[in-house]
Amino acid sequence: MKDDFAEEEEVQSFGYKRFGIQEGTQCTKCKNNWALKFSIILLYVLCALLTITVAILGYKVVEKMDTVTDGMETSRQTYDNKLIAVESDLKKLGDQTGKKALSTNSELSTFRSDILDLRQQLQEITEKTSKNKDMLEKLQANGDSLVDRQSQLKETLQNNSFLITTVNKTLQAYNGYVTNLQQDTSVLQGNLQSQMYSQNVVIMNLNNLNLTQVQQRNLITNLQRSVDDTSLAIQQIKNDFQNLQQVFLQAKKDTDWLKEKVQSLQTLAANNSALAKANNDTLEDMNNQLSSFTGQMDNITTISQANEQSMKDLQDLHKDTENRTAVKFSQLEERFQVFETDIVNIINNISYTAHHLRTLTSNLNDVRTTCTDTLTRHTDDLTSLNNTLVNIRLDSISLRMQQDMMRSRLDTEVANLSVVMEEMKLVDSKHGQLIKNFTILQGPPGPRGPKGDRGSQGPPGPTGNKGQKGEKGEPGPPGPAGERGTIGPVGPPGERGSKGSKGSQGPKGSRGSPGKPGPQGPSGDPGPPGPPGKDGLPGPQGPPGFQGLQGTVGEPGVPGPRGLPGLPGVPGMPGPKGPPGPPGPSGAMEPLALQNEPTPASEVNGCPPHWKNFTDKCYYFSVEKEIFEDAKLFCEDKSSHLVFINSREEQQWIKKQTMGRESHWIGLTDSEQESEWKWLDGTPVDYKNWKAGQPDNWGSGHGPGEDCAGLIYAGQWNDFQCDEINNFICEKEREAVPSSIL
């Protein structure tokens, strides 16, 4: 500004020779005084405006020439023409001051408007450049973020590849596990077959033991019968002995009577004495026979005692074998249950791993698709950014070239203006010398001229003092959401909020994969003893019995007269060994009779063929599979019904019968009223053996829920949809068995 004021002071000493003011007489000076003043003021104003505009243009153009657009070329040409016209007008102002005052004013106004337009264009260019800078910064930030994202994507892809390799390794390991499990299952099947074979052998041994026990019981009954027969024979012998004693007494009486009549019966005395001797011999024989019978009785008692002891030993052995077999069966059942739980766990683990692998593959496919989409988008963005960067580089190169051209032209224009200013200073000095010779007389005031045009808006004044703080305005509308910033550090845990209101019940989800089975529960109490089994196969032939004691040999009697034929004598001593005789008859007949006895038919237990008996009921375990209604009709055709399980013992027996088989229908349903389970005859359920989490009435999103119950692999109850196909169990009352069959 100081330079501008100095230039104005220098301009005030202008000369006016070039503008048509010539020296003359004093009168002409007076006449032309007003015109000279007006022309001088006009020249000062024009020069000041020109210097100000040139200085402002130079300052603005030098400051903001980096962001000049293509439209500056046309404006520059017009400005060059206008500057040339201004120079020519300045050169011709001395001759054409009066004529072209209005034209200069109009040109100045147009020049001002052009300068304002140029300022606006420069402001727009600066705004565009600032926007372009912001866009460049944003593009650079986006490029950096894209680079970071690409690195993150590479890391995620590496992690995914590592996960895929680990999944493949785990799959290989699971394949090894599956092969090992298959081998284990084959080994288990072999063990099961061996256990079944050993179980069959044990059953055969038990049947043989039962047969031997039955034979021993029959032998004991026969021995008891023989003992009873011997006791009867002894009673008969005692009765005979008493009769003989009575006879002997009668004989004594007769002898007394005969002694009285000895004289008359002397002929008969010899006979009577012979008869007495014979009677004495018979009595001695009877005494000997009684002693032999007592020895035989002693032998029989010893044999019976030995048999009783052997029976007791056999019963103890039988009880021990039964206990051992029961313990073995319980151990086998526990092992079977453990094997079943292990197999179920393995199946559940395999299903869980398969489900997990499916989810992993789906997630990997989703990640792959998202990665491909993001990569394609990023490649498109990068191509667009590269194109925009190329365009920006070309624009910047063209702007720099235009800036260089404008600088060179400004330098030339400033040089021309400096030359013009030097010439004007010289003219001003000359005019000052000429003005010293002028005598200016003040003439009468002229008429008031017309109102001039409104001047241009002045520069803004200095900023005033800061005013008082105004009232707080209304909150403005929320601005657009900014870009998402980086994730900040994790803040401290907030206070626990109040308990929210209970939400509405959501829809029932899909049926999940079977959970892992729980630990094995404690063994239950031993059940009551079962009913007696069927008669087994006949056992082997028993050993021969003990040999009886040999009787005592009687003394030879005195030969008497030949009497009546007496009783058979006691067997004598064994004679010498003779030649071998023909083969004798076979051994004891009772075991043979037992061996040849036919096995009882299946109707002996009161159940038809292919039906099994338990307590007073008969059960049919189907081989075919039907839906619930068809199974119910099948049982009704057999004059029975689907099984009703009303006790723990019945449940355990049915569990043993269905071990290792598929699911079976039972006569339990809630089709009449949901969640109210009843047997088919309408009776409520007293005993329950539902699986954990059942019944769940799972509908799987189609049709009705699960309204029919059945047994699963572990013997527990589960609800099924009634249109599923399963095996079934029929139940009916056992028919009365005739006593003749028993």
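From the backbone N, Cα and C atoms, a Cβ is placed for every residue, glycine too.
Neighbour list (Phe644 (Ca(2+) 1 binding site), Cβ cut-off 8 Å, at least 6 residues apart, same chain): Ile666, Gly667, Leu668, Trp679, Leu680, Asp681, Thr683, Glu731. Here Swiss-Prot flags Phe644, Asn646, Glu650, Glu731 as Ca(2+) 1 binding site, drawing on similarity to another entry.
Here Swiss-Prot flags Gln694, Asp696, Glu706, Asn718, Asp719 as Ca(2+) 3 binding site, drawing on similarity to another entry. A sphere of 10 angstroms centred on the C-beta of Glu706 (Ca(2+) 3 binding site) encloses 20 other C-beta atoms.
The feature compositional bias 'Low complexity' is assigned by Swiss-Prot to 501-514 (among others).
The compositional bias 'Pro residues' annotation in Swiss-Prot covers 516-532 (among others).
Residues or ranges marked as compositional bias 'Low complexity' by Swiss-Prot: 534-556 (among others).
Residues or ranges marked as compositional bias 'Pro residues' by Swiss-Prot: 571-585 (among others).
The feature domain 'Collagen-like 1' is assigned by Swiss-Prot to 452-511.
Taken from Swiss-Prot, the feature domain 'Collagen-like 2' covers 527-586.
According to Swiss-Prot, the feature domain 'C-type lectin' maps to 614-731.
For Asn159 (among others), the entry in Swiss-Prot reads N-linked glycosylation site. There are 10 other CB atoms within 10 A of the CB of Asn159 (N-linked glycosylation site), with all protein chains counted.
In sequence order, no residues are near Asn168 (N-linked glycosylation site), counting only same-chain partners six or more apart with C-beta under 8 A. Residues annotated as N-linked glycosylation site in Swiss-Prot: Asn168 (among others).
The N-linked glycosylation site annotation in Swiss-Prot covers Asn271 (among others), and the record cites sequence analysis as its basis. In the three-state DSSP scheme, Asn271 (N-linked glycosylation site) is classed as helix. The Cβ neighbour count for Asn271 (N-linked glycosylation site), using a 10 Å radius and every protein chain shown, is 12.
Taken from Swiss-Prot, the feature region 'Disordered' covers 439-608.
Confidence across the topological domain 'Cytoplasmic' (1-37), taken as the mean pLDDT and rounded to a whole number, stands at 50. Positions annotated as topological domain 'Cytoplasmic' by Swiss-Prot: 1-37.
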Asp719 (Ca(2+) 3 binding site) CB neighbourhood, other CB atoms within 10 A: 22
Residues flanking the Ca(2+) 1 site, with Cβ no more than 8 Å from the Cβ centroid of Phe644, Asn646, Glu650, Glu731 and excluding those residues themselves: Lys617, Val643, Ile645, Ser647
Cβ-Cβ distance under 8 Å to Asn646 (Ca(2+) 1 binding site), same chain, at least six residues away: Asp686, Tyr687
Integer Cα-Cα distance in angstrom, Gln694 (Ca(2+) 3 binding site) to Glu650 (Ca(2+) 1 binding site): 21
Secondary-structure category, per DSSP, in which Asn718 (Ca(2+) 3 binding site) falls: strand
Between Asn271 (N-linked glycosylation site) and Glu650 (Ca(2+) 1 binding site), the C-alpha gap once rounded to whole angstrom: 86
Shell of the Ca(2+) 3 site beyond Gln694, Asp696, Glu706, Asn718, Asp719, same chain only (C-beta within 8 angstroms of their C-beta centre): Trp690, Lys691, Pro695, Asn697, Trp698, Ala709, Phe720
